[in-house]
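TrEMBL lists 20-44, 86-110, 116-137, 189-212, 224-243 with the feature transmembrane segment. Per TrEMBL, the feature domain 'VTT' maps to 96-209.
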Amino acid sequence: MGDVNPPTPSKSVTPRYFLSFWEVTAASGVVLGFLIGLVCVYLTMPQSDYSFLKIPRNLHDLQILRDNLEVYTSDYTVQVLVGYSLVYVFMQTFMIPGTVFMSLLAGALFGVFKGMVLVVSTATAGASSCFFLSKLIGRPLIFSLWPDKLVARRKDGLLNYMLFLRLTPTLPNTFINVASPIVDVPYHIFFLATFIGLIPAAFVTVRAGIALGELQSLGDLYDFSSMATLFLIGVLSVTPTLISKKKA
């Protein structure tokens with residue numbers, strides 16, 4: 001009998017289950033940058049008891065924070081604005097719950113128009129920061145656990161679909177921020193959908209912040225008419241894409 005050569009084992013590609021040194025360093029640098037910024041803002045504030053400074057977890061905490069910050073807002077407007085923006089962007093970047101309370105606080109401290117500008121700009125910046133952080137460290141982790149099927153293949157009308165998701169409470173905003181770079185949503189589409197799509201909900205929340213004392217629970221923010229209006233706007237945003245798809 002002739003010699004039978006044993007089959008040569010095929011080389012397998014080891015999946016990547018870890019982050020590189022530069023990815024970990026970059027992510028750590030983001031955290032450190034936020035912390036340094038917050039410390040700098042804190043050091044520029046006048047000497048006082050700041051035991052009230054904490055991320056609000058309920059309406060009671062928010063009312064205490066509002067009552068104390070009102071004293072500083074007129075004399076230390078820049079510090080309050082910078083501190084507020086850093087905290088909001090930090091919470092959005094690292095998916096810390098409670099940004100709805102921060103939106104209410106913006107309305108209570110700055111009114112509807114200024115509060116709207118502040119909330120939409122900081123929420124968009126925070127979502128963008130989360131987007132790039134997820135692109136940096138989220139993709140390597142996700143693709144090591146799931147196959148590369150996680151790709152947004154439907155490029156046509158993607159802005160409309162993203163607007164629908166932003167305008168309606170179909171998916172949590174934090175999930176959209178993290179998942180978008182993983183499924184290859186282009187940043188310019190993500191940015192436009194975020195900036196435009198957050199405006200209606202931000203208006204509802206900021207306006208409610210003016211009458212903060214009248215709120216009994218977060219459920220009072222979005223009644224049936226408000227939710228129906230958001231869904232209607234969302235459906236209208238995606239309708240042109242659905243119609244063009246049907247005609248094709």
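Every residue gets a Cβ built from N, Cα and C, even glycine.
Bear in mind that TrEMBL entries carry predicted annotations, made automatically and left uncurated.
Values in this document were obtained by computation on a predicted structure and should not be read as measured data.
Listed as Cβ neighbours of the transmembrane segment (116-137) (distance under 8 Å, sequence separation of 6 or more from its ends, same chain) are residues 19, 23-24, 26-27, 30, 81, 84-85, 88-95, 99, 102-103, 106, 110, 173-174, 176-182, 187, 190-191, 194-195, 198-199, 202-203, 205-206. Summarising model confidence by region, the domain 'VTT' (96-209) averages a pLDDT of 84.
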